[in-house]
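The following features are taken from TrEMBL:
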| type | residues | note |
| --- | --- | --- |
| DOMAIN | 1-375 | domain 'Amino acid transporter transmembrane' |
| TRANSMEM | 20-43 | transmembrane segment |
| TRANSMEM | 76-95 | transmembrane segment |
| TRANSMEM | 115-132 | transmembrane segment |
| TRANSMEM | 144-166 | transmembrane segment |
| TRANSMEM | 178-198 | transmembrane segment |
| TRANSMEM | 210-233 | transmembrane segment |
| TRANSMEM | 253-281 | transmembrane segment |
| TRANSMEM | 293-313 | transmembrane segment |
| TRANSMEM | 319-339 | transmembrane segment |
| TRANSMEM | 359-379 | transmembrane segment |
Amino acid sequence: FQGIFVLGLPYALLHSGYSGLFLIILAAALCCYTGKILIACLYEENEDGQLIRVRDTYEDIANACCKKLSPKLGGIFVNVTQVMELIMTCILYVVVSGNLLSHSFPYVPVTEKTWSVIAFVTLLPCVFIKTLKIVSKLSQLCSLVHFIIILVVMIYCLTQIHRWSWAKFRLSVEFEDFLVSVGVIIFSYTSQIFLPTLEGNMKNPGEFRCMLNWTHFFACVLKTTFALTAFLTWGEETKEVITDNLPSFLQTLVNLCLLTKALLSYPLPFFAATEIVYACISRGNHSNYRSPLFALGVRGSFLLLTLLMAMFIPHFALLMGLTGSVTGAAMTFLLPSLFHLKLKWKKLSFLEKCADITVFILGFLCSIAGIVCSIKGLLEVFG
């Protein structure tokens, strides 16, 4: 929840004003809700009225919903959507790493693409990651680095408290700028892709809902506090990535911390994407597809793919925005609410049905708005 997107929240407040603070809270509530209903779709009641986990993955839920049309249609759609989003996330980390190295060492005569290759070399050991335990250890380190970054920015902001003024907040906002803010805020909470695996690996899955409530609550408090203090410090001068507002002596330190965070963040989406693809390919009785060497080949191919796409796709940020508007909204809002309605319709109360339909409509509107803005940006770039 506290990913690199958090560094763009002060900029989102710049363009959304007071409504941005409300959006941070609303997004936390909506994403927490869709996480719960998604996990609810994994369970069915047995004859004794007890909930039994009859599905294991997002794919299983999709297949259960689309079985009348085609037994595997839903799963194929979900897998393609998940892999697209995960690959784009991995590519983004490679691009960001090259950008951060380029800004940290501006006097070194090396291009940004070359820096991306240098950063990529440190990611090569990812091909040997076989379990979620290793990924979780790296994610713990990633969280530690992230909190160091947040702490540095917050401490600096607190030293500038004499500059704070609520007058910096806007009462009126431009619609297109507001939509950009909505995208940044909502997608800073997305985690639905990982939730079925996470819940399935918990020692006590019964505590999942409680865990989801507390993590979203604390994420909301931290995001609001960070975005607010940073925006009150710089106001109209707030940049897209808030660390760019820091004085030069702190920028290099924070950029190197961000680089470490980006590299440590890479293994989670990489592992998730390769596991999905490997599981799809190795189904059946072909023993060759189950060998460790084949798994290594899948991971190696994915690793190389992320580098090549990061190196050669022009205007990646706009393409990322377009993909995120389609896949992010689908995986976070559209599909969980749709699947919940489909699988649990007879057991849902009127209010629960209204909640699911409302979430679906909001997700659809966010997706359409994001697609329009991204396409407009691409058309402007290509003249």
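Cβ coordinates are placed from backbone N, Cα and C, and glycine is handled just like the others.
Unlike curated entries, TrEMBL annotations are predicted automatically.
Non-local neighbours of the transmembrane segment (115-132) in the same chain are 94-95, 97-99, 101-102, 197, 201, 259, 262-263, 266-267, 270-271, 295-296, 299-300, 303, 307, 310-311; each lies 6+ residues outside the stretch with a CB under 8 Å from one of its CB atoms. Between the transmembrane segment (178-198) and the stretches 76-95, 144-166, 293-313, 359-379, Cβ pairs under 8 Å are most numerous for 359-379. Beyond the ends of the transmembrane segment (20-43), by six or more residues, the same chain brings 9, 12-13, 51-56, 58, 60-61, 64, 181-182, 185-186, 188-192, 195-196, 199, 208-209, 212-213, 216-217, 219-220, 223-224, 227-228, 332-333, 336-337, 339-340, 343-344, 355-356, 359, 362 to within a C-beta distance below 8 angstroms of the stretch.
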